[in-house]
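As recorded in TrEMBL, the features of this protein are as follows:
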type	residues	note
ACT_SITE	E295	active site, proton acceptor
ACT_SITE	Y383	active site, proton donor
BINDING	Q135, A136, Q137, P265, Y266, G267, G268, M269, E270, R563, M564, K565	peptide binding site
BINDING	H294, H298, E317	Zn(2+) binding site
DOMAIN	466-605	domain 'Peptidase M1 leukotriene A4 hydrolase/aminopeptidase C-terminal'
Amino acid sequence: MAPVRDPNTLSNYDAWRTRHTTANLQVDFAGKCLRGNVVIELESQTDKASTEIILDSSYVAVSDIKYNSAPSKWEVKDRQGFNGSPVHIAVPEGAAKGEIVKLHIELATTDKCTALQWLTPAQTSNKKAPFMFSQAQAIHARSLFPCQDTPDVKSTYDFNITSPYVVVASGVPVPQPADETGDGKTYKFQQKVPIPSYLFALASGDIVTAPIGKRSCVATGPNELKESQWEFEDDMDNFMDAAEKIVFPYAWGEYNVLVLPPSFPYGGMENPVFTFATPTVVSGDRQNVDVIAHELSHSWSGNLVTSCSWEHFWLNEGWTMYLERRIIASVHGSDAHFHFSAIRGWSALEDAIKQYGANHEFTKLCITHKGIDPDDAFSTVPYEKGFHFVYYLDRLVGRENFDKFIPFYFGKWANKSLDSYEFKDTFLEFFSTPEYSSLKDKISSIDWEGRFHSPGLPPKPEFDTSLADVCYELAGKWKSKDFTPGSSDTSSWTGNQVSVFLDAVQDFDESLSVEQSQALGKTYGLVDSKNVELKSAYYQIAMRAKDSSAYQGVADLLGQVGRMKFVRPLYRGLNKVDRELALATFEKYRDFYHPICRQMAAKDLGV
C-alpha cells in the first residue's frame, strides 16, 4: 500500500480511495451558495485496518454525514492553514480490502468558498441574469464539498444540478425530459472517465451554444455567441485532428468551450468536455486561439494522465506545452511555428526566473510543496521548463522515435496519476528494448536529477528564429530616439509577432521615453486594440516609461479583465508608479475578481 504522496491533502487516501462521486446540488443565486448533498463511494485499501475516513474541506457547511445509509460519528477538525479543515468520519469496524462504502454528505457552500464566483445580472453583458462559475484548481474543490482533493485520486462523476438558469458541467450532458421544480430545472451530466477533484466544474447563467466543429460547440452569453463562434470555428477541427494524430483518439466524446465572463482568472481551464476559457481569447482576430490548442492538449496531459501532486505539476503543463506546439506546427504545416512559440515561451521563462532569482526553489522543475500553497507556486516555470525537458528528450532520441513513445506513455498511464520518477521509469522502459539499442549511450547521458531539481534556466536549444527575427529587428530600431515608426511596420504581422516585438522592447536596458511610448501605442494601434495580450504588454512598456497619461488606461483595463496573467503584472506595475491609483483601483474592482485572483492581487499589493 503506497503512502500518501501529496502534501497538499489531509485525506487518508492511502486507506480509502474515491471511485465515484454523485453531486446533487442546487444553485442558490439568492443565497450565493450551492446546497444539497454529495454521495461519495470509496474503496477500502486495507483489510479493516483503517477505522476512519478523512476528507479535505475548506469553509464548507456540513450538516450531516451518513455512512452506508446509517447515521455516523463525524467531526470537522480545526483548520490547518491553506490545506483547510479535515473531516473525520468514524468507521468503527473498518472494511474489507476492496469493499465499497458510501458517504452521504449534506452540505452548503459558504461565503468563504474560494472556488465559486457569483455575478449579479448587472455584472454580465446583457444584464438579464446572474451568473455562477467554479474554478477548483489547484486545491479549491474542497471548498465545494468534502472530498479527497488531490490529483493522485481520480473518480467518475454524476452531476444532478438544479438551477433556474442553464447549467454546464465537466461531464457529458444526459438527455432527459424537462424536470422543472420551484427551484428550476435539474441538469444531468455524466463523467465516465475518472478525473481528479480539481477538474470538477460547474457554471450556470444565461448560456447559449453554437457549433464550432464536428464534435465541438462554444457556449457563452447571448451577446458573445456570434463572435465567439467566429473566433474558434476555423481551427477547432484542425486542432482535434492534429492532436489525435500525435497521440491517439480523444477519450471524452465531446470537446466544447465555455467562454466565461471577463472575471475568469485563467486563460483556460482544462475541465473535460467543457474547457472554461477567458473572453480575452475572443480578440476578433483569431490570434489567441492557441489557448484552445493548449486546453485540448490537456485532454491527454493532465486529464487522462495526471501528475500525482502539485510537486510534479510539470508533467501536466510541460507535456501540454509540447503537444500544443506540435498541434500548432501541424496545423500551419511548418516547424517554424513550433519554434516561434517556443521562443516566446523561453522569453517568459527568463522573465519568471529573473523575478524569483535564479536559485529560488520555485525555479526548479519539481518543487517541494510541503508547507506551500500551490497557488503561491503557480508560475510560468512548470509550463516552459517542463516543455524544455520534454523537447530535450524529443531531440535526444529523434522525433520519429519520440513519436512512438508518446502513445505508449499516455496509454500506460491512462486514467492514472504518476510522479516524475515514474515518468523516468516509463521512458527508460520504452527505450530499453533492442529496437533502440543504438540510443543506449544517449539515454544513459540524461541527468535526471539535474533536470528535476536544478534551479534556474535549463540549457537553451537552438531555435529556428525566422518568424521572430523581423520582430527583433524592429525592436532594435526602437532603441534609437530618432526612429520614426509607421503603421506599415507591423501591418503584415500576426498578433503573436507583435507580442514578441513588445516583449523585446520591455526587456530593453533603458526604457522608452514618454514620447516614444505614446508613439508606440498610437502608431501600432495598441491603445485601442481588442487584443488584451497586446494592450497589456503595451501598458507595461508605458508604465516603465513613466508615461502617466497611460495610468488611467491601465486602471480601466483592470476593471475589464480578471485573468491573472494580466491582472497581477498590471497591478505590480501600477503599484510602482502610482500606488494610490493601484489601491483605489483594487478597492473599486475587488468584487469583480474571482476569489483566487482577488487573493493573489492583494498579496501583490501588500494589502
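Heads up, the Cβ atoms here are built off N, Cα and C, so glycines get one too.
Please treat TrEMBL annotations as automatic predictions, because they have not gone through curation.
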Structural state census, the domain 'Peptidase M1 leukotriene A4 hydrolase/aminopeptidase C-terminal' (466-605) (DSSP three-state): 100 helix, 0 strand, 40 coil
Cα distance (Å, whole number) from E295 (active site, proton acceptor) to Q135 (peptide binding site): 15
Predicted model, mean pLDDT over the domain 'Peptidase M1 leukotriene A4 hydrolase/aminopeptidase C-terminal' (466-605): 96
Cβ neighbour count within 10 Å of Y383 (active site, proton donor): 23
Recorded positions near H298 (Zn(2+) binding site) (Cα-Cα within 10 Å), from Q137, Y266, E270, Y383: E270
Residues within 8 Å of the H294, H298, E317 Cβ centre (excluding the Zn(2+) site residues themselves): G268, E270, E295, S297, S301, G302, N316, W319, T320, M321, L323, E324, Y383
Cα-Cα distance linking E317 (Zn(2+) binding site) and G268 (peptide binding site), given in Å to the nearest integer: 13
Nearest of the recorded positions (Y266, E270, Y383) to the residue listed as 'active site, proton acceptor', judged by Cα-Cα distance: E270
Q137 (peptide binding site) versus recorded positions H294, E317, Y383 - nearest by Cα: E317
